[in-house]
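What TrEMBL annotates here:
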ACT_SITE  Asp109  active site
ACT_SITE  Asp305  active site
DOMAIN    91-418  domain 'Peptidase A1'
SIGNAL    1-23  signal peptide
TRANSMEM  468-488  transmembrane segment
Amino acid sequence: MYLLPHSLAVSCLLSVAAHEVFAAPSPASPPLPRTVPLLRRSKPQLTEAERFEWLRGQRDSLKSKYGAGGANTKRASGLNLLTNQNADSSFYGSIAAGTPPISYNVILDTGSSDLWLAANDGLSASQSDGIPTFDANASSTFTDLNTPFSISYGSGAARGNLGQDSVQFAGFEVSDQVFGVVTQISNNLLTSPVSGLMGLGFKSISSSGATPLWQALAESSGTLDQPLMAFQLTRFVDVQNAQVLEPGGTFNLGAVNTSLYTGDIDYQPIPEGQEGYWIQELTGLTVNGQSVSLDAGSASYAAIDTGTTLVGGPADSIAALYAQIPGSEALTGDNAGYYTYPCDTNVTVTMKFGNSSIAWPISNADFLLMQVSGNSCVGGFFQLDTSGSSAPPWIIGDTFLKNVYSVFRASPAAVGFAQLSSTATSMNGQLGPAPSPTVGSVATVTGGSANAGADRNSNADAPLRVEFASLGLWLAMFLSGIVGGGLLL
């Protein structure tokens, strides 16, 4: 059994490079899904104090995130490779911005709705070191909107101005996408080579007021085959020799990938008037076959959030869940909200949503978050108080999502889950190199640092690889809320 997810929390980052370009099919050909293989990174041995520091960062960043205390023709090309970093801690992909297009790594987050990139001006040398940054002057199509942009985090903030430019993602392009060009970033908010974040929630929770790129595509008649996106995430959290970056699954835009799931996709509608986060009502929760009592209606609303590593919920429900696990104990003080239990106890949790009769299981490997000492392990469910904010009581992240094929459909608004196929589950634990990302139908070059514009034509096919210098880097990232807790808003 494995102690703590490899550089578990955050590394940030991967390599970027131009990849293959796929031709669009003839008009008679059926549209194909936009597929995005994902990946992941490795983990260091930590002291007990460092493990608890990581836990606090997970909890606090999630509280901060949720405010607690194109053309009209269908296209079938565009493979966007994603990275799953640090033992399932986070998943990021790549976009391309500007003319000529330059690629950047961004966290993919269904729990927020803004796109932003670090700019090449305004950041200190230490902040921008190794981080590919956006150079507005290098793009012939960029427009400065002269509108302030700001996002706050648990231990920092990102500020700048809104701009407008061409942005490509997973085979599609929006020529006038509004995004934040960030010139002020708190120390350690970004770690190379991640350059920003793409929110995949609805416009109604966008702090900038801009329409998210995915939503612009979904609302453009004929652009997407279907107004949806889907994730399949791999598991490496229980693999001892996993590297910092490993193949992590697939992201599809505009269609589902039928090879990655079996049976039907069980869609449950987003409750009326709740389109903002991807909301589902949690209607069933069991642990080792024992039911946990849940409140009805909005008291059990849950945001389905790819930008969050864990599962957070109301104190009474989380306490009731751990009460069914012999030997479990609530942590106190700075670690309040988390629970420990004997590592040799097999725990199977199931979750049911909406009016569905299907109870989706979470594997023991995903529930066991980390070993902190001896036979004492911390579970992947923790107490979260979102009262006083617009966020729902439950936040359901990758601890659950690695166990299903998840689909986020814009119209009619719904979230769907399906059983993973043997093709999908066979990817779990299969070591391999990080894929080189592509972003659209036009090959792009890898983003550079402050002089990205000047260097954009050099070494275009060579991925950027950056190693972590120290454990403190990833701890800082989690504490800042960009990985594993997503991003605020």
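Placement of Cβ uses the backbone N, Cα and C atoms for every residue, glycine included.
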**Report entry** Integer Cα-Cα distance in angstrom, Asp305 (active site) to Asp109 (active site)
**Finding:** 7
Query raised in the report: Of Asp109, Asp305, the active-site residues given in the record, which has the fewest other CB atoms within 10 A of its CB?
Result: Asp109
Report summary line: In this predicted model, the domain 'Peptidase A1' (91-418) has a mean pLDDT of 92
